Amino acid sequence: MEPLILNINKSHELISSLLILLGVVFLLLSSIGLLRFPDFYTRMSAVTKGSTMGLGLILIGLSVYFNNIDVSIKILLILFFTFLTSPVAAHVISRTAVKLRVPFWSRTNIKEFEDYLKRENAFEPKDKPDEFKKD
Amino acid sequence: MLQLHHLLLLLPLLLPLYGAIFCLFSWNRVNLQMAIACVIQLAMVVASGALLYAVNHEGILVTQLGNWPAPFGITLVADLFSALMVVTASITGAAVVLFSLRGLDLPRQDYGYYPLILMLQMGVAGVCLTGDLFNLFVWFEVLLICCFVMITLGGTKPQLEGAIKYVTINILASGLLLTGIGVVYGITGSLNMAELAMLVRMPSINKSLFLMASTFFIVSLGIKAALFPLFFWLPASYHTPPIAISSFIGGLLTKVGIYAMIRLFTLIFVVEQELILAFFTITAGFTMVIGVLGAAAHYDFRKILSFHIVSQIGYMLMGLAIFTTLSIAGTILFIVHNVFVKTNLFLVSGVVGRLKGSFDLKKLGSQYLQRPFLALLFLISALALAGLPPLSGFWPKFILVKAGLEAEQYTIVGVSLCVSIITLFSMTKIWNEVFWKKQPETDETEPDADRLTKALLYAPIIFLALCILYIGLNAEAAIGLAYRAAEQVLNTDLYINAVLNR
Amino acid sequence: MDIVLPFITGLLFATGLYLILHRHFFKLILGIILFGLATNLFIFTIGRLTRGGSPIIPQGSEVAIEPYADPVPQALLLTAIVIGFGIQAFAIVLVKRVYQAFGTNNLDDLNNTDKTIIPPKE
Amino acid sequence: MLYFILASLIYAFIAPFVHRAAGKYGIAVQAGVPLVLFVYFATFLPDVQKGEVYTEIYNWVPSLGVQLYFYLDGLALLFTLLISGFGTLVMYYASQYLKDDAGLGRLYMYLTLFMVAMLGLVTAGNLVTVFICWELTSITSYLLIGHTHEKETARQSALQALLVTGLGGMALMAGFVLLGIAGDSYTIPELLTRNDLITHSSLYLPMLILILLGAFTKSAQFPFHFWLPNAMAAPTPVSAYLHSATMVKAGIYLLARLSPALSGPDVWHFTLLVIGTTTALLGAFLALQNSDLKAILAYTTVSALGLLVSLIGLGTDAAIQSMVVFLLAHALYKGGLFMVAGNIDHAAGTREYPLLNGLHKQMRFTGIAAMLAALSMAGVLPFIGFIAKELLYEAKAASSYIILALSFMVSVAYVAVATIMGYRIFWHNRSEPTKLKHQGQVTMAYPPLILGICALVFGLMPGHFVAPILGQAASATLGETIDFELSLWHGFTPVLWLSVLTILAGIFLYSVLQKKREPIAILQKLYANGPNKLYFVLLNGLQRGALHLTATIQNGYLRLYIASIILTQVALLLYTIWYNSPTLQLQQKINLLQDVLFHEWLLILLVLPAIYMLLKTTSRLTAIATLSIIGYTASLLYYLFGAPDIAATQLLIETLTVVIFVLVLHKLPRFQYLTHAHRRIKFVVISVLFGATMTYVLLLVKQFPLISNLKEYYGQNAYLLGKGKNIVNVILIDFRAFDTLGEMTVLAVAAIGIFALLRLRMDKEEKA
Amino acid sequence: MRTIILATAIRLLIPVFQIFSVYILFRGHNHPGGGFIGGLIGSIGFIFYVMTYGTKHTLKNYFRVHLKNDKVADLHSRARHRFHIARVNSRYRQRVEDEWKWEHRIMRIRPVYIIATGLFLAATSGLIGLFSGNPYMTAIWTGLEIPIVGKPGTTLLFDAGVYLLVFGIVLKITFVMAEE
Amino acid sequence: MSLFTITLHIAIAALAFSLCLASIRFFIGPSLPDRITSFDVMVANIISIIAVYAEITGNKDFIDVAIILSIFGFLGSISFAYYLLKTNR
């Protein structure tokens, strides 16, 4: 085993590892948020931002490490995809959740949605699959 | 320029592939698909015949695909046995395609029947010609998925019901086969069958591990060949699809499984052979007996035939279990004969079913007086199946009995003889009920068939019956071929040297 | 990892088989997929594992540099995965059709064509 | 000879067409074929009488030693003449008897086929050819017996005949193969000279049993005799042909033919004698019990066959001589009597003799024919039957008095039967003559008349016509040349007195029978539970047993099928592991655990609850998501161990599976637990067993180093020869591109299949 | 599921996926990727499209090619006619579709044809080697060196066959299933 | 083993831990959208693991897998949502 040497000369390694650690922290935090937050909507908000941010940081760290045009393009591509798709996915899922009437946290200020929720109820199916009651 | 043996080995694979491609291109034009399929089938018969001729005259043919030397690329090998299989398959395929022009209802033809049957043939040819273990698996999958689709084609309730069992069990079999291939690779680090054969005969190989690997092949190929504790999918599904489909599948597919077993268990899995062969002997006996008893129990034309497939697989395995040149020759001849006979019987049942609208023996009757010619055709195939001389079934049975007695395997020979009596019994049951018995009163009117339809329905049956008669009467040609094929199969050095080019 | 993966594989095999042995359609299909996964993992594990080195020739070199993973099981596995996908897709649709045609989710209701029925003795 | 036989074989298939085309006069052609054969075989008489053997050899299947070997010696010639001669008469008789039958054309076909098969059988000089013809006679006789196939009884008897003789056939095949192995040849002439080799072979006993089984079933010996009387369901011409002169004698022929090769050991003589005598007695007894004319004749045929077998069993010169004479005599009178019975049946519509009286005025020629045949049967002086009986008694007397007594009893029964046939029906005038449906046809009386006259002529001049050929036949049976002389009159020997006594006793028996008609009840009951019953019990048992067995095995439950398959696999694996396999070095494995990195542990931690979740969840979507989590984890594992291509593919496949699931999911069944927990236990056990075995196999295989030159070759050459740096991809599209082609085919078929499955619905009631 | 956000995102993403898939296909020989992965990525956009817009819309927008407009040909010069066809077949196809006229000849691109083309390409790429006297599937290389692709040869043709086949299959499966 | 590598290993372990946390949410639910969300997070975590691992091995090609996953992870969550809406309609 080599001795532990902090090789300052390779500054891109340092920057990269810092960025990655930061990203990891973001991701970890968003996971914790996902686990700890009280209702679906709050979890959602924790997750979308946190995980996208964390992923972005890690990827940037990666591109710093490789310092190469090829890799940078690819990473830009991933970032583009993630930044485009992650909000869309979040949007679609929350929309679905609202439609499915996933319960809100008791302390949510729900009044301003009430009209919308009523309208949504018109679309409710009569026979609801049992699994939604269970889950 | 183009070298002939490269082409000959590939034609049985490429012809159906291109046929299927062109059928796909003419997706909504059934008539065009029919024409393509017929032309391709004819070409297949010619091409496979040429392959057999070439192999017969020049010995084992080999082509290294992609021009990579043997253990590194994929090798196609044609020895006599595989060439014979290919010829058999293509003749059967031609007959079935001819039959299905009128024997299969139009919607089914419309939904890709012709590309499917062509790809199925490609799969069969692939299994027979490949010299690579994993490639064997791939071609098995090809023919498997073709069978899945063909069995469900039309989506009637019985078809779906049979298919769910067929599909599940065969997926399991594929998984086990893949696992087995993995184990073999994990032990030897090779996939080329010739190289494996060479490695196995070296002292350095771990024999007991290899024996363990062989069990995967016994079970998975046993499922495909429908051996005794593994055959359940066959009677569950083979009688459900329309006849044009079940005749081809029922006639050919299990034999491909047996082909693979013979190939692998003569070439590669030759460690602890007494043990394996003893197991095969027991299995063969049980397969025969259980299959034939199932046939004796049932009163449905197609179910009887389905159970008979199982029973006859027992005979083929018996030849492998006895493991002499003569017995292997008997098995090879049995396979060829049985493909023809079984297909033909299914086709006869299809004609009866199509003209009378039922497959239940108790509802049929009087066909002997109404259609004496069909009765004759049925009789030829049925007696051939029961092994009565001098039809094609007699010779392989005789050879197997002779080989068995010479090898002093008295029990299995006795069992096989008793089974052949019960086979005769169940065949005469069909004859009694369908042909001799008076037609029970039914209020169903007979659908009438025009002249062309009848001609197209009868032509393949006559053709196959002539094949059966030919094998029976000019037995020397067939037996000689089978014997030389068996010699080639057992003389593995020939195979190894041809493939590895030493 | 050479020691843990076999156990995972065995576990997947067992679970897949157990699900297949249920008489419920949906579990059957889950079991089939899991079984396929187990088979793939089996093949992957049996060609020895190499941590890291992928079988790709690095830039500037003309031959692969050790350590790199055995590419043969990988190639086999790719083919097997794709074939398995084709078959599993077909199986899923088949199960759906069976459910649609029979309106039951119980495999035991599907033994009409296959079961041998003993007629009453005359 | 080949061409004659082949020509008649081919003719057989066009016989129905000839019949249809030529109509009434077609009979000239139909009967002409056997006649031509008869004449053809008759031309061999002079040569064969001199003791020469005519042979003709064609190769058929040389690799199995099968030849078309025609071997015509005295024995064979005797049979060929009988067969073709009878064939002529029967053809003619059939044309009269079944004038209006629609199936007459086909009957001609089968009869001709049968005749050809029989001719082939008796002239064949190769065991395999013998067997082929043997089976051909079985199958043609099946078709002949089932001529009136719309009747249940006809079908059943035909099946019975086929199964019994078929069983014998199978035994015979094995016996012949054993004989071939023991005698090292399949040609009969060679085998005949190898008596020592064969009888001292260790295979002798099984071979003998098998061959005897074949011969006994064919020749209706006890306990296989029952099919013959049942086969009387056939039209009379068929019975007359098959059961008097030809098919049932095939077994006799075979025994006689092989007797030089097989005889010698006591077991041969003893078995034949015992079985033959038993059959003779039983047949005679049963004949007297019956009142149906054809049944009576059938049972006497059984009895006569028994006598013939016992004579072969005796094996002395005298016995064999009497055997051949009795064979000829029996063929002549029995054929005639069958035809007589047929005539009566045809005219009167019944075959119950108590109902028949004084027919001689209405059926004069038939009556005369019956009289001639009956006299021959009874063994009255100028007939050949007399000579046969004399010889019989001589032969039996030479061996043992018990056997002589038994033969005497049988002969007495024959006399009684003959009295019934020849006297009772036609000239017995005590009550009103039976009213016939229509007058007896003169044309139908000719064939039996001819046979009767033959019997008379042969009896009167035994030395001229028959003695030479019979002598040769006896020599062939014995395997050595013997002096053979036949004469009608031997002087007042004890045997003659015995003959006289026989006739007197027979007439006495007849008169007793007339008064006391009731069959002996106990014996009847005993016999009702005899072999015939046994046959049906066995057949029904077979069917029901098969049904139950199949219902147990093919039970329709997919789970059980899969369980049995997996159990087979596990059992085989465990056996091979137990049998001989290297031990697993566990300690070494445990040491390896240190190498596992932390994040790898975490990934594994992910799999375990996922599997638990998969088993426990009640939501379909959760199950699918869990499945894809497992798949993602697996792909991550692939990725971590150097397989980015697989990882990517696995991810794509996993997602695509999810998509497919999702697209069809709302059509999929809901989750439910259908199996009870305690039932699930055994499946848990099977699954765990299977998983554990697979793990063991994996660990065991990985214990040994993998020496593969593939890896190195691909690593070296992927770029240099394959022009690609991604080795896996180069393997896929270059080194092993053929696999990929197959894989593409699978995908294409799967797509077509899914399309067809979803779109094409042939069930009409189901809405698309 | 036609939310405006998703729909817009999908419309944007489809061409990106297409380009990316071709990129993956071409570089598969040297880097992870290849025909199979490329084909899946190429078809994934259409899965999204089917999910959001439904099968019919997808077929209408992407799988009908308007080949010819005879009437227009009479009116315009050849060059303008070509332009018109290009216009009809590209950006403005929806607008043309709305005013249905018999003059537009419509060719359907069935997924089956794509599948068949893929198989055909793959099978035929091997034939080239066969007819030059080598075994089937012997690779033939051109001398060129193209940046992403490397040396193009018959194997590339083969890979393209795989790409098309997978593309066609995924489309076929998705269309059929979504129509249910 | 340099400090850099150790850092990356720590990062990868933390990501795996985060994956486990997300999976706990997945397993306890309670609603289906919750599961889909946690599935999303897991995909993001897996992409990160892949990225970090690419850095550990220094193999640029491994990044491609991350691209593919980033595309397909989206497809997964979209199709789950599609299912929920479709059965609900």
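Note: Cβ is positioned from N, Cα and C throughout, glycine not excepted.
Note: the domain 'Na+/H+ antiporter MnhB subunit-related protein' (E:5-67) comprises 50 helix, 4 strand, 9 coil (DSSP; helix = H, G, I, strand = E, B). Feature annotation from TrEMBL assigns domain 'Na+/H+ antiporter MnhB subunit-related protein' to E:5-67 (among others).
Sequence-distant contacts of the transmembrane segment (E:12-29), counting only residues of its own chain at least 6 positions beyond either end whose CB sits under 8 Å from a CB of the stretch, comprise 35, 37-42, 44-46, 48-49, 148-150, 155-156, 159-160, 163. The feature transmembrane segment is assigned by TrEMBL to E:12-29 (among others).
Here the transmembrane segment (E:35-54) has Cβ contacts under 8 Å with residues 1-2, 6-7, 10, 13-15, 17-18, 20-25, 28, 61-62, 158-167, 170-171, 174-175, 178 of the same chain, all six or more residues outside its ends. Here TrEMBL flags E:35-54 (among others) as transmembrane segment.
Annotation comment: TrEMBL describes E:100-171 (among others) as domain 'Na+/H+ antiporter MnhB subunit-related protein'. Restricting the average to the domain 'Na+/H+ antiporter MnhB subunit-related protein' (E:100-171) gives a pLDDT of 82.
Here TrEMBL flags E:111-131 (among others) as transmembrane segment. Long-range contacts of the transmembrane segment (E:111-131) within its own chain (CB-CB distance under 8 A, at least 6 residues past either end) are made by residues 137-140, 154-155, 157-158, 160-169, 171-172, 175.
Positions annotated as transmembrane segment by TrEMBL: E:160-178 (among others). Within the same chain, residues 21, 25, 34-36, 38-40, 42-44, 46-47, 50-51, 54-55, 58-59, 111-123, 125 sit at least 6 positions outside the transmembrane segment (E:160-178) and bring their C-beta atoms closer than 8 Å to a C-beta of that stretch.
Remark: secondary structure over the domain 'Na+/H+ antiporter MnhB subunit-related protein' (E:100-171) totals 39 helix, 9 strand, 24 coil, with classes taken from DSSP.
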